[in-house]
């Protein structure tokens, strides 16, 4: 299994518990960046943690967004804000698309709060290629909403910024494959000094709750009332295929042709009955190496690519066993009636 898959495959199950227990403090324990005792105490009290992770820590790196506008990282983008930050590059054939699609789900859950009290930033790791024009095309393909900026800048300054954010791995320097870059979404409230890291494979509802409620110190009302009697009485043990679909596929695909509203919210096609419409061998190869099939100009792959806004299906480095499990799950889910679906959109 590929490096970045190994790095994050364990996170989905424990992410919620880990983030409840503790917030991930940026470069915690590094003497070179340790905050003064007074600021640290303020952070512990939840009074003004921004003193610890403020202008003395974050650089004012000048970044350019997809509209050609320039921003200072700390002063304009982060100061006193609740933010979600990740890295990407527009030509990525691995999991950048998955992470973008997952963040798009979070944005949809938060609604018009994004751009008002929550802000999303995606910083390219390939600034030489990713001009504002290229980033605008990328953002448009995913139909991202207001309050989400895609940012480029100076190569060295972006590397420094990634290190400050905990989004840089020194192993990246010796890795010739940019698709293996570190996959994290850093979310935080700069004013309170609360920061945590997430995985692109996390449940978007959990991430939306972390950003929209926890990081606002529970001061904002929940959009939906939670009632104990409405909780499910029986907890299922999902199959390996279902787990894979939920963490790797559900951001882009639904399996419910009857629910057109759910399918319309996805960036990829609905997969109900796909096992009857495509040969199994073709599906197995498509799930395992979609980038190769596009490069080989497979006619069906190209047709899907062009039909769905030229969003390339990511190569998730799944094993043959994992490919079989996720395809089996899609077949099983397809056979269920609309009101019996396990994947609720």
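Just so you know, glycine gets a Cβ as well, placed from its N, Cα and C.
Note that the structure is a prediction, hence the values are computed from the model and not measured.
Here TrEMBL flags 1-34 as signal peptide.
Neighbours of residue 92 (disulfide bond), defined as other CB atoms within 10 A of its CB across all chains, total 24. Annotation source TrEMBL lists disulfide bond at 92-96.
What TrEMBL records for 92, 96 is Cu cation binding site. Non-local neighbourhood of residue 96 (disulfide bond): 88, 89, 314, each in the same chain, at least six residues away, with C-beta under 8 Å from its C-beta.
Mean predicted confidence for the domain 'Cytochrome c' (236-334): the pLDDT average there is 91. The domain 'Cytochrome c' annotation in TrEMBL covers 236-334.
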